[in-house]
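Chemist: Checked Swiss-Prot, it gives:
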type	residues	note
REPEAT	124-165	repeat 'WD 1'
REPEAT	168-208	repeat 'WD 2'
REPEAT	212-251	repeat 'WD 3'
REPEAT	254-293	repeat 'WD 4'
REPEAT	309-346	repeat 'WD 5'
DOMAIN	372-421	domain 'SOCS box'
Amino acid sequence: MASFPPRVNEKEIVRSRTIGELLAPAAPFDKKCGGENWTVAFAPDGSYFAWSQGYRIVKLVPWSQCRKNFLLHGSKNVTNSSCLKLARQNSNGGQKNKPPEHVIDCGDIVWSLAFGSSVPEKQSRCVNIEWHRFRFGQDQLLLATGLNNGRIKIWDVYTGKLLLNLVDHIEMVRDLTFAPDGSLLLVSASRDKTLRVWDLKDDGNMVKVLRAHQNWVYSCAFSPDCSMLCSVGASKAVFLWNMDKYTMIRKLEGHHHDVVACDFSPDGALLATASYDTRVYVWDPHNGDLLMEFGHLFPSPTPIFAGGANDRWVRAVSFSHDGLHVASLADDKMVRFWRIDEDCPVQVAPLSNGLCCAFSTDGSVLAAGTHDGSVYFWATPRQVPSLQHICRMSIRRVMSTQEVQKLPVPSKILAFLSYRG
(Lines of atoms letter the chains of each structure in order from A and count residues from 1; the text may use other names and numbers.)
(Lines give C-alpha, C1' and ligand atoms only; values in the text may rest on other atoms or scores of the structure.)
Protein backbone atom coordinates (compact mmCIF):
# COMPACT_ATOMS: atom_id res chain seq x y z
CA MET A 1 0.00 0.00 0.00
CA ALA A 2 1.31 3.43 -0.95
CA SER A 3 0.33 7.05 -0.38
CA PHE A 4 0.71 7.99 -4.06
CA PRO A 5 -0.05 6.39 -7.44
CA PRO A 6 2.73 4.20 -8.93
CA ARG A 7 3.39 6.75 -11.69
CA VAL A 8 4.28 9.42 -9.11
CA ASN A 9 7.73 9.75 -7.57
CA GLU A 10 7.13 10.96 -4.03
CA LYS A 11 10.58 12.56 -3.87
CA GLU A 12 9.71 14.85 -6.77
CA ILE A 13 6.66 16.37 -5.06
CA VAL A 14 7.38 19.85 -3.72
CA ARG A 15 7.59 20.16 0.08
CA SER A 16 5.62 23.06 1.50
CA ARG A 17 7.61 25.70 3.34
CA THR A 18 6.97 25.91 7.07
CA ILE A 19 5.86 29.36 8.22
CA GLY A 20 5.72 28.79 11.96
CA GLU A 21 4.11 26.92 14.81
CA LEU A 22 2.15 27.64 17.96
CA LEU A 23 2.92 24.98 20.53
CA ALA A 24 0.43 24.09 23.22
CA PRO A 25 1.45 24.55 26.85
CA ALA A 26 2.35 21.53 28.92
CA ALA A 27 -0.68 19.53 30.01
CA PRO A 28 -1.74 19.79 33.66
CA PHE A 29 -0.54 16.77 35.59
CA ASP A 30 -4.12 15.86 36.53
CA LYS A 31 -5.36 15.95 32.93
CA LYS A 32 -4.94 12.66 31.09
CA CYS A 33 -7.10 13.53 28.06
CA GLY A 34 -8.86 16.45 26.44
CA GLY A 35 -5.78 18.22 25.08
CA GLU A 36 -6.62 17.79 21.39
CA ASN A 37 -6.87 20.70 18.98
CA TRP A 38 -10.10 19.83 17.21
CA THR A 39 -10.59 23.12 15.42
CA VAL A 40 -8.79 26.17 14.00
CA ALA A 41 -10.27 29.24 12.32
CA PHE A 42 -9.35 32.57 10.75
CA ALA A 43 -11.56 35.65 11.12
CA PRO A 44 -13.32 36.68 7.87
CA ASP A 45 -11.36 39.94 7.77
CA GLY A 46 -8.07 38.20 8.59
CA SER A 47 -7.67 40.08 11.87
CA TYR A 48 -7.64 37.08 14.22
CA PHE A 49 -6.66 33.45 14.39
CA ALA A 50 -8.30 31.13 16.92
CA TRP A 51 -7.68 27.55 17.97
CA SER A 52 -8.68 25.22 20.75
CA GLN A 53 -5.49 24.26 22.53
CA GLY A 54 -7.21 21.66 24.69
CA TYR A 55 -8.41 21.54 28.30
CA ARG A 56 -11.32 23.98 27.72
CA ILE A 57 -9.04 26.76 26.45
CA VAL A 58 -9.46 28.75 23.23
CA LYS A 59 -6.67 31.09 22.21
CA LEU A 60 -7.38 34.24 20.16
CA VAL A 61 -4.34 35.94 18.64
CA PRO A 62 -4.09 38.88 16.21
CA TRP A 63 -3.05 37.21 12.97
CA SER A 64 -0.92 40.09 11.66
CA GLN A 65 1.12 40.14 14.86
CA CYS A 66 1.47 36.38 14.77
CA ARG A 67 2.78 36.44 11.20
CA LYS A 68 5.16 39.25 12.08
CA ASN A 69 6.45 37.16 14.95
CA PHE A 70 7.01 34.20 12.64
CA LEU A 71 9.07 36.41 10.33
CA LEU A 72 11.12 37.76 13.24
CA HIS A 73 11.91 34.34 14.69
CA GLY A 74 12.09 32.28 11.52
CA SER A 75 10.13 29.12 10.88
CA LYS A 76 11.55 27.08 13.74
CA ASN A 77 11.16 27.15 17.50
CA VAL A 78 8.25 29.59 17.40
CA THR A 79 5.80 28.97 20.21
CA ASN A 80 2.60 30.50 21.37
CA SER A 81 4.46 32.06 24.27
CA SER A 82 6.52 34.21 21.90
CA CYS A 83 3.38 35.25 20.05
CA LEU A 84 1.86 36.01 23.43
CA LYS A 85 4.78 38.23 24.36
CA LEU A 86 4.58 40.26 21.16
CA ALA A 87 0.84 40.83 21.45
CA ARG A 88 1.09 41.80 25.10
CA GLN A 89 3.80 44.36 24.39
CA ASN A 90 1.67 45.94 21.70
CA SER A 91 -1.46 46.12 23.85
CA ASN A 92 0.41 47.67 26.77
CA GLY A 93 2.22 50.13 24.55
CA GLY A 94 -0.85 52.25 24.04
CA GLN A 95 -1.37 51.37 20.38
CA LYS A 96 -5.14 51.18 20.31
CA ASN A 97 -5.21 50.09 16.69
CA LYS A 98 -3.50 46.86 17.67
CA PRO A 99 -6.10 44.21 18.54
CA PRO A 100 -5.58 42.44 21.87
CA GLU A 101 -5.23 38.72 22.29
CA HIS A 102 -7.40 36.64 24.59
CA VAL A 103 -7.26 33.34 26.40
CA ILE A 104 -10.81 32.07 26.91
CA ASP A 105 -11.80 29.34 29.34
CA CYS A 106 -14.95 27.86 27.81
CA GLY A 107 -15.79 25.64 30.78
CA ASP A 108 -15.71 22.36 28.85
CA ILE A 109 -13.81 20.63 26.05
CA VAL A 110 -14.06 22.67 22.83
CA TRP A 111 -14.91 20.65 19.72
CA SER A 112 -15.70 23.45 17.29
CA LEU A 113 -15.41 27.18 16.77
CA ALA A 114 -16.34 29.70 14.10
CA PHE A 115 -16.03 33.43 13.49
CA GLY A 116 -19.02 35.53 12.53
CA SER A 117 -19.15 39.17 11.44
CA SER A 118 -22.25 41.31 11.15
CA VAL A 119 -23.65 43.58 8.48
CA PRO A 120 -26.07 46.09 10.08
CA GLU A 121 -28.48 46.24 7.14
CA LYS A 122 -28.96 42.46 7.25
CA GLN A 123 -32.21 41.92 9.14
CA SER A 124 -33.20 38.84 11.08
CA ARG A 125 -34.62 36.17 8.80
CA CYS A 126 -37.35 35.23 11.24
CA VAL A 127 -38.89 38.08 13.18
CA ASN A 128 -38.72 41.84 13.13
CA ILE A 129 -38.89 43.02 16.72
CA GLU A 130 -38.12 46.57 17.76
CA TRP A 131 -36.16 45.67 20.88
CA HIS A 132 -33.18 43.33 21.04
CA ARG A 133 -30.75 42.68 23.83
CA PHE A 134 -27.82 42.90 21.42
CA ARG A 135 -27.44 45.34 18.56
CA PHE A 136 -24.42 44.27 16.60
CA GLY A 137 -22.52 47.06 14.87
CA GLN A 138 -20.74 47.02 11.55
CA ASP A 139 -17.39 46.19 13.12
CA GLN A 140 -18.77 43.42 15.34
CA LEU A 141 -16.74 40.21 15.33
CA LEU A 142 -18.03 37.18 17.22
CA LEU A 143 -16.58 33.80 18.08
CA ALA A 144 -18.84 30.79 18.58
CA THR A 145 -17.52 27.78 20.49
CA GLY A 146 -19.17 24.35 20.51
CA LEU A 147 -18.64 22.36 23.68
CA ASN A 148 -18.61 18.77 24.83
CA ASN A 149 -21.74 19.30 26.96
CA GLY A 150 -23.81 20.41 23.95
CA ARG A 151 -23.70 24.12 24.71
CA ILE A 152 -22.68 26.87 22.32
CA LYS A 153 -21.06 29.99 23.74
CA ILE A 154 -20.84 33.26 21.82
CA TRP A 155 -17.94 35.59 22.64
CA ASP A 156 -17.03 39.15 21.71
CA VAL A 157 -13.67 38.79 19.97
CA TYR A 158 -12.46 42.29 20.84
CA THR A 159 -13.21 42.08 24.56
CA GLY A 160 -13.17 38.33 25.20
CA LYS A 161 -16.49 38.61 27.05
CA LEU A 162 -19.26 36.02 26.94
CA LEU A 163 -22.38 37.34 25.18
CA LEU A 164 -24.72 34.39 24.72
CA ASN A 165 -25.12 30.82 25.89
CA LEU A 166 -27.12 28.72 23.41
CA VAL A 167 -28.62 25.60 24.96
CA ASP A 168 -30.54 22.93 23.10
CA HIS A 169 -28.21 20.17 21.87
CA ILE A 170 -28.06 17.13 24.12
CA GLU A 171 -24.64 15.92 22.93
CA MET A 172 -21.37 17.52 21.88
CA VAL A 173 -21.39 20.21 19.19
CA ARG A 174 -19.01 18.85 16.58
CA ASP A 175 -19.03 21.78 14.14
CA LEU A 176 -20.21 25.36 13.72
CA THR A 177 -20.56 27.60 10.68
CA PHE A 178 -21.80 31.16 10.21
CA ALA A 179 -23.62 32.29 7.08
CA PRO A 180 -21.04 34.31 5.11
CA ASP A 181 -23.53 37.08 4.23
CA GLY A 182 -23.18 38.90 7.57
CA SER A 183 -26.65 37.92 8.78
CA LEU A 184 -25.16 36.18 11.84
CA LEU A 185 -27.15 33.05 11.12
CA LEU A 186 -25.34 30.17 12.83
CA VAL A 187 -25.67 26.44 12.14
CA SER A 188 -24.46 23.82 14.61
CA ALA A 189 -23.81 20.13 13.93
CA SER A 190 -24.00 17.70 16.83
CA ARG A 191 -23.60 14.09 17.80
CA ASP A 192 -27.28 14.16 18.75
CA LYS A 193 -27.91 13.61 14.98
CA THR A 194 -29.31 17.09 14.37
CA LEU A 195 -28.37 20.43 12.87
CA ARG A 196 -29.76 23.53 14.53
CA VAL A 197 -30.09 26.99 13.03
CA TRP A 198 -29.66 30.00 15.34
CA ASP A 199 -30.31 33.68 14.63
CA LEU A 200 -27.87 35.77 16.65
CA LYS A 201 -29.48 39.01 15.48
CA ASP A 202 -32.60 37.75 17.23
CA ASP A 203 -30.65 37.33 20.48
CA GLY A 204 -29.65 33.77 19.62
CA ASN A 205 -33.13 32.30 19.21
CA MET A 206 -33.26 28.93 17.49
CA VAL A 207 -34.84 29.10 14.05
CA LYS A 208 -35.02 25.49 12.89
CA VAL A 209 -33.93 21.93 13.61
CA LEU A 210 -32.76 19.99 10.55
CA ARG A 211 -33.25 16.24 10.86
CA ALA A 212 -32.11 13.62 8.36
CA HIS A 213 -28.96 12.09 9.79
CA GLN A 214 -29.33 8.69 11.40
CA ASN A 215 -26.00 8.97 13.24
CA TRP A 216 -23.49 11.59 14.39
CA VAL A 217 -23.19 14.79 12.36
CA TYR A 218 -19.52 15.67 11.97
CA SER A 219 -19.41 18.86 9.93
CA CYS A 220 -21.42 21.48 8.06
CA ALA A 221 -20.67 24.30 5.63
CA PHE A 222 -22.59 27.13 3.96
CA SER A 223 -22.34 27.80 0.26
CA PRO A 224 -20.92 31.30 -0.45
CA ASP A 225 -24.35 32.67 -1.42
CA CYS A 226 -25.94 31.09 1.67
CA SER A 227 -28.56 29.30 -0.43
CA MET A 228 -27.26 25.83 0.44
CA LEU A 229 -25.85 24.02 3.44
CA CYS A 230 -23.88 20.80 3.32
CA SER A 231 -23.84 18.47 6.31
CA VAL A 232 -21.80 15.28 6.62
CA GLY A 233 -21.73 12.53 9.19
CA ALA A 234 -21.39 8.90 10.14
CA SER A 235 -22.73 6.09 7.94
CA LYS A 236 -21.46 7.71 4.70
CA ALA A 237 -23.92 10.60 5.01
CA VAL A 238 -23.66 13.71 2.82
CA PHE A 239 -26.76 15.93 2.71
CA LEU A 240 -27.49 19.19 0.91
CA TRP A 241 -30.09 21.57 2.34
CA ASN A 242 -32.06 24.50 0.93
CA MET A 243 -31.48 27.26 3.48
CA ASP A 244 -34.34 29.43 2.28
CA LYS A 245 -36.95 26.73 2.91
CA TYR A 246 -34.94 24.60 5.40
CA THR A 247 -35.62 21.47 3.37
CA MET A 248 -33.30 18.74 2.13
CA ILE A 249 -32.30 19.01 -1.53
CA ARG A 250 -30.53 15.70 -2.02
CA LYS A 251 -28.25 13.08 -0.54
CA LEU A 252 -24.87 12.52 -2.20
CA GLU A 253 -23.81 8.88 -2.35
CA GLY A 254 -20.35 7.49 -3.04
CA HIS A 255 -18.33 7.37 0.17
CA HIS A 256 -17.70 4.04 1.92
CA HIS A 257 -17.11 5.25 5.50
CA ASP A 258 -17.96 8.12 7.84
CA VAL A 259 -17.73 11.52 6.15
CA VAL A 260 -16.08 13.96 8.55
CA ALA A 261 -15.45 17.26 6.76
CA CYS A 262 -16.83 19.39 3.93
CA ASP A 263 -16.17 22.73 2.28
CA PHE A 264 -17.51 24.72 -0.68
CA SER A 265 -15.35 26.41 -3.29
CA PRO A 266 -15.36 30.24 -3.20
CA ASP A 267 -17.73 30.41 -6.18
CA GLY A 268 -20.07 27.74 -4.78
CA ALA A 269 -19.70 25.56 -7.88
CA LEU A 270 -17.79 22.76 -6.13
CA LEU A 271 -18.14 20.86 -2.87
CA ALA A 272 -15.32 18.86 -1.28
CA THR A 273 -16.02 16.08 1.25
CA ALA A 274 -13.45 14.11 3.25
CA SER A 275 -14.03 10.61 4.58
CA TYR A 276 -12.40 7.87 6.60
CA ASP A 277 -12.55 5.81 3.37
CA THR A 278 -9.17 7.39 2.37
CA ARG A 279 -10.75 9.71 -0.20
CA VAL A 280 -11.69 13.31 -0.81
CA TYR A 281 -14.52 13.70 -3.31
CA VAL A 282 -15.25 16.88 -5.24
CA TRP A 283 -18.91 17.20 -6.25
CA ASP A 284 -21.12 19.50 -8.24
CA PRO A 285 -23.61 20.48 -5.50
CA HIS A 286 -26.16 21.72 -8.03
CA ASN A 287 -26.78 18.30 -9.61
CA GLY A 288 -24.97 15.86 -7.31
CA ASP A 289 -22.41 14.70 -9.90
CA LEU A 290 -19.04 13.43 -8.69
CA LEU A 291 -16.34 15.39 -10.54
CA MET A 292 -13.02 14.45 -8.93
CA GLU A 293 -11.51 11.94 -6.50
CA PHE A 294 -8.37 12.61 -4.47
CA GLY A 295 -7.02 9.32 -3.16
CA HIS A 296 -4.74 8.91 -0.14
CA LEU A 297 -4.07 5.15 -0.49
CA PHE A 298 -2.97 3.17 -3.54
CA PRO A 299 -4.04 0.92 -5.01
CA SER A 300 -7.50 2.23 -4.18
CA PRO A 301 -8.98 0.12 -1.36
CA THR A 302 -12.05 -2.01 -1.88
CA PRO A 303 -15.27 -0.81 -0.20
CA ILE A 304 -14.85 -3.37 2.60
CA PHE A 305 -11.30 -2.24 3.40
CA ALA A 306 -12.14 1.44 2.89
CA GLY A 307 -15.03 1.08 5.34
CA GLY A 308 -12.78 -0.15 8.15
CA ALA A 309 -9.57 0.77 9.97
CA ASN A 310 -7.39 1.46 6.94
CA ASP A 311 -4.75 3.75 8.60
CA ARG A 312 -5.38 6.46 5.96
CA TRP A 313 -8.42 8.17 7.44
CA VAL A 314 -8.82 11.65 5.94
CA ARG A 315 -9.50 14.00 8.84
CA ALA A 316 -10.03 17.39 7.21
CA VAL A 317 -10.46 19.21 3.92
CA SER A 318 -10.41 22.90 3.04
CA PHE A 319 -10.83 24.91 -0.16
CA SER A 320 -8.36 27.70 -0.89
CA HIS A 321 -9.74 31.14 -1.62
CA ASP A 322 -8.23 31.09 -5.11
CA GLY A 323 -10.67 28.33 -6.06
CA LEU A 324 -7.82 26.30 -7.56
CA HIS A 325 -6.46 24.36 -4.59
CA VAL A 326 -7.74 21.98 -1.93
CA ALA A 327 -5.89 20.92 1.22
CA SER A 328 -6.44 17.58 2.95
CA LEU A 329 -5.06 16.06 6.11
CA ALA A 330 -4.83 12.30 6.69
CA ASP A 331 -3.60 9.76 9.23
CA ASP A 332 -0.55 8.89 7.11
CA LYS A 333 1.25 11.85 8.74
CA MET A 334 0.94 14.07 5.70
CA VAL A 335 -0.80 17.25 4.57
CA ARG A 336 -1.56 17.38 0.85
CA PHE A 337 -2.25 20.32 -1.43
CA TRP A 338 -4.19 19.47 -4.60
CA ARG A 339 -5.12 21.32 -7.76
CA ILE A 340 -8.75 20.83 -8.64
CA ASP A 341 -7.81 19.58 -12.11
CA GLU A 342 -5.09 17.09 -11.06
CA ASP A 343 -5.38 13.79 -9.18
CA CYS A 344 -1.90 14.02 -7.62
CA PRO A 345 -0.81 16.49 -4.91
CA VAL A 346 1.20 19.49 -6.04
CA GLN A 347 2.73 19.96 -2.57
CA VAL A 348 2.96 17.95 0.64
CA ALA A 349 4.03 18.63 4.21
CA PRO A 350 4.76 16.25 7.11
CA LEU A 351 2.38 16.33 10.08
CA SER A 352 1.84 13.71 12.77
CA ASN A 353 -1.53 13.30 14.48
CA GLY A 354 -3.25 16.05 12.51
CA LEU A 355 -6.94 16.68 13.23
CA CYS A 356 -8.07 19.87 11.44
CA CYS A 357 -6.97 22.49 8.94
CA ALA A 358 -8.03 25.86 7.51
CA PHE A 359 -6.73 28.33 4.94
CA SER A 360 -6.02 31.91 5.95
CA THR A 361 -8.36 34.57 4.62
CA ASP A 362 -6.03 35.48 1.75
CA GLY A 363 -5.23 31.83 1.03
CA SER A 364 -1.48 32.23 1.53
CA VAL A 365 -1.19 30.08 4.67
CA LEU A 366 -2.64 26.77 5.82
CA ALA A 367 -3.04 26.15 9.55
CA ALA A 368 -3.36 22.62 10.92
CA GLY A 369 -4.14 21.50 14.46
CA THR A 370 -2.82 18.34 16.09
CA HIS A 371 -3.63 15.84 18.80
CA ASP A 372 -1.45 17.61 21.39
CA GLY A 373 -3.13 21.01 20.99
CA SER A 374 -0.48 22.64 18.78
CA VAL A 375 -0.88 24.44 15.44
CA TYR A 376 1.47 24.36 12.46
CA PHE A 377 1.53 26.73 9.49
CA TRP A 378 2.71 26.27 5.90
CA ALA A 379 2.97 28.47 2.84
CA THR A 380 0.40 27.31 0.31
CA PRO A 381 0.86 26.81 -3.45
CA ARG A 382 0.39 30.20 -5.08
CA GLN A 383 0.02 31.11 -8.70
CA VAL A 384 -1.56 33.85 -10.74
CA PRO A 385 -4.95 32.46 -11.81
CA SER A 386 -5.68 32.48 -15.49
CA LEU A 387 -8.14 34.98 -16.91
CA GLN A 388 -10.35 32.05 -17.89
CA HIS A 389 -10.50 30.82 -14.29
CA ILE A 390 -11.28 34.30 -12.96
CA CYS A 391 -14.11 34.63 -15.47
CA ARG A 392 -15.37 31.16 -14.60
CA MET A 393 -15.50 31.98 -10.90
CA SER A 394 -17.29 35.26 -11.60
CA ILE A 395 -19.93 33.45 -13.66
CA ARG A 396 -20.36 30.55 -11.24
CA ARG A 397 -20.89 32.90 -8.29
CA VAL A 398 -24.20 33.92 -9.83
CA MET A 399 -25.18 30.94 -11.99
CA SER A 400 -25.94 27.33 -11.09
CA THR A 401 -24.88 24.40 -13.25
CA GLN A 402 -28.37 24.16 -14.71
CA GLU A 403 -28.26 27.83 -15.72
CA VAL A 404 -24.78 27.46 -17.21
CA GLN A 405 -25.91 24.53 -19.36
CA LYS A 406 -28.51 26.78 -21.00
CA LEU A 407 -25.95 29.34 -22.17
CA PRO A 408 -25.61 29.63 -25.98
CA VAL A 409 -21.86 28.91 -26.02
CA PRO A 410 -19.72 26.06 -27.46
CA SER A 411 -19.67 22.72 -25.64
CA LYS A 412 -16.00 23.10 -24.64
CA ILE A 413 -16.78 26.35 -22.88
CA LEU A 414 -19.76 24.75 -21.15
CA ALA A 415 -17.51 21.92 -19.96
CA PHE A 416 -14.95 24.41 -18.64
CA LEU A 417 -17.60 26.46 -16.85
CA SER A 418 -18.95 23.24 -15.31
CA TYR A 419 -15.46 22.21 -14.09
CA ARG A 420 -15.45 19.25 -16.46
CA GLY A 421 -12.75 20.39 -18.82
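Glycine residues also receive a Cβ, built from the backbone N, Cα and C atoms like all the rest.
What does the local environment look like for each feature on the list?
Modeler: Assigned with DSSP, the residues of the repeat 'WD 2' (168-208) fall into helix, strand and coil as follows: 3 helix, 22 strand, 16 coil.
The list of residues near the repeat 'WD 3' (212-251) in space but at least 6 beyond its ends in sequence, with Cβ under 8 angstroms from a Cβ of it, reads 174-181, 183, 185, 187-191, 193-195, 197, 257-264, 266-268, 271, 273, 275, 283, 285, 288, 397.
The residues of the repeat 'WD 4' (254-293), classed with DSSP into helix (H, G, I), strand (E, B) and coil, number 0 helix, 22 strand, 18 coil.
Taken as a whole, the repeat 'WD 5' (309-346) shows an average pLDDT of 95 in this prediction.
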Chemist: May I ask for the residues of the chain that lie six or more residues beyond the repeat 'WD 4' (254-293) and have a Cβ under 8 Å from a Cβ within it?
Modeler: 216, 218-225, 227-228, 230-238, 240, 300-301, 303, 306-308, 310, 312-319, 321-323, 326, 328, 330, 338, 340-341, 343, 392-394, 396-397, 400-402, 418-420
